[in-house]
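Trainee: Pasting in a structure now, in structure tokens, and then I'll have a few things to ask.
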Amino acid sequence: MANRLCRPPSAEELRSGAAQVVQRGSNEAQPSVTLAAGHGNKRASTFQFDAVWGPDAPQEAVYADAVADLVCQAVQGYSCTVMCYGQTGSGKTHTMLGLIQQALADIYGRAAAANGSVACSYLELYNEEMSDLLANDSAVKVAMLDDGKNGPAVLKGLSVHSVTCCDEALALLERGTDRRQTASTLLNSSSSRSHAVFIVTIQTSELNPAGQVVQRHGKLHMVDLAGSESAGRSGAEGQQASEAGNINRSLSTLGRVITALTSQQAHIPYRDSKLTRLLRDSLGGTAQTCIIATAAPTVQCWEETASTLRYAQQARGISNRPQVHATTQAASSQEVQQMQQKMEQLSAVTLELELQRVRAEAAHAAAQRAEQRALEYEEQLGQERQQAARWQQEAERWRHEHDELVKQLDQQQQQQAASALEDSVHLQQVAIIEAEVEGLKGQLRRQDATIKRLQGENRAFERQHELEGQVEHLQRQLQAAQENDQPNPKRARAVQLLGNTRR
């Protein structure tokens with residue numbers, strides 16, 4: 001059992017910002033997938049698988065890990081099955097078509113080295129009806145016969161097309177894929193509405209040490225199951241709702257078969273659907289089987305993803321009993337000679353193919369190393385981006401601090417300029433006041449001089465007033481004396497002098 005983990009988020013999922021709930025486990029020795037908790041009461045769960053690939057894993061890695069060994073077994077005469085199971089839009093068909101193309105190239109290389117021939121068929125199961133995707137008349141239906149055994153299903157009416165090179169097989173694959181039933185749903189713009197099985201039949205022959213011809217009949221079934229989905233979430237109506245019902249019933253029967261096989265029940269309900277009858281040999285039969293489960297990454301697909309992972313993990317418990325399909329018959333001397341000649345002719349081809357295989361393995365190893373280096377570089381780049389983001393944040397912080405300091409400096413300079421202007425105004429005012437003070441001092445000095453002059457004049461006036469009083473007193477005395485005495489020239493002279501003094 002393998003799991004491709006999940007495809008990358010779609011453009012719509014990225015635009016909506018949907019949370020991703022599927023995560024690959026970190027323990028490479030025990031591959032696992034963890035489904036994070038969903039809406040409501042859904043809890044996180046971890047599922048164990050044989051291999052897990054992330055959304056960036058190349059098709060070559062999936063093929064090398066899961067399919068290459070089955071192709072080798074098919075060339076050796078085993079019946080092998082590769083099955084893709086998952087929700088609509090989870091990447092099943094994309095994965096399957098890539099694996100088929102690589103398998104065809106690998107089969108032709110191995111079959112040519114083993115003196116083999118290759119033929120292809122392409123079957124579609126739609127609404128419980130089987131049709132041949134490579135038939136000229138699409139109306140012809142394929143019947144499935146029950147041989148009463150537990151071997152592979154017998155398909156009546158399915159055309160078989162011999163192909164001589166890989167390009168012819170790829171052309172058949174493309175032609176049949178174009179005929180598949182598809183429709184647009186809310187989950188996928190081109191949703192496969194049918195189950196499809198691309199069958200590669202490989203016949204090889206070789207001489208064993210006893211001189212007998214050993215013919216091996218191997219088959220490789222590449223099964224692309226229709227997507228499991230909720231009719232409500234897919235928006236299916238009318239015919240699409242009927243299709244979805246048939247798809248879900250067949251997948252539900254597949255789930256019951258898986259459950260019955262893993263729990264070792266006595267009755268396995270293969271006959272409950274044509275899909276499980278078709279896959280009977282691949283599930284608990286003689287085929288070697290690999291189931292690749294594909295998952296959608298976002299929380300909107302939680303229910304379908306959980307169901308896919310549960311069935312896939314449960315399918316790990318199925319035990320098959322692989323058997324080689326080979327016949328042995330005596331060969332005539334002419335047949336022995338012809339086969340020896342073919343083997344000699346093919347020896348050079350085998351060596352060349354082996355060389356190509358070694359080169360391919362070397363290229364694959366180089367690609368893996370390159371991928372590892374790319375992952376390491378991407379991780380380093382991510383770390384450097386995180387460091388750059390931290391530096392950017394630090395630079396932003398420093399820039400903000402610088403802007404704050406510049407702002408504070410501007411404020412201080414403005415304050416200093418305002419203070420200097422204020423000081424200048426004060427100095428001018430002081431000078432004006434000092435000038436006014438000096439003017440007032442001058443006025444005071446002049447007033448003091450005036451006061452002193454006035455004071456002097458006042459003293460003179462007082463002296464004059466005093467003298468006038470004395471003169472009047474003397475005049476009164478003189479008048480009194482004149483009235484009493486005779487005229488006296490000396491006295492008359494004194495009176496004249498007093499009169500002059502008053503003037």
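Placement of Cβ uses the backbone N, Cα and C atoms for every residue, glycine included.
Automatic prediction, not curation, is the source of TrEMBL annotations.
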Trainee: Could you tell me which of the ranges 218-243, 400-425, 478-503 is annotated in TrEMBL as region 'Disordered'?
Mentor: 478-503
Trainee: For a quick check of packing: other C-beta atoms within 10 Å of the C-beta of Gly91 (ATP binding site), how many?
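Mentor: So the Cβ neighbour count for Gly91 (ATP binding site) comes to 21.
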Trainee: Taking the Cβ of each of the binding-site residues and counting other Cβ atoms inside 10 Å, which one has the highest number: Gly86, Gln87, Gly89, Lys92?
Mentor: Gly86
Trainee: Determine the Cβ neighbour count for Thr88 (ATP binding site): the number of other Cβ atoms within 10 Å of its Cβ.
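Mentor: If we count other Cβ atoms within 10 Å of Thr88 (ATP binding site), we arrive at 25.
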Trainee: Hey, which of the binding-site residues Ser90, Thr93 is the loneliest by Cβ count within 10 Å?
Mentor: Thr93
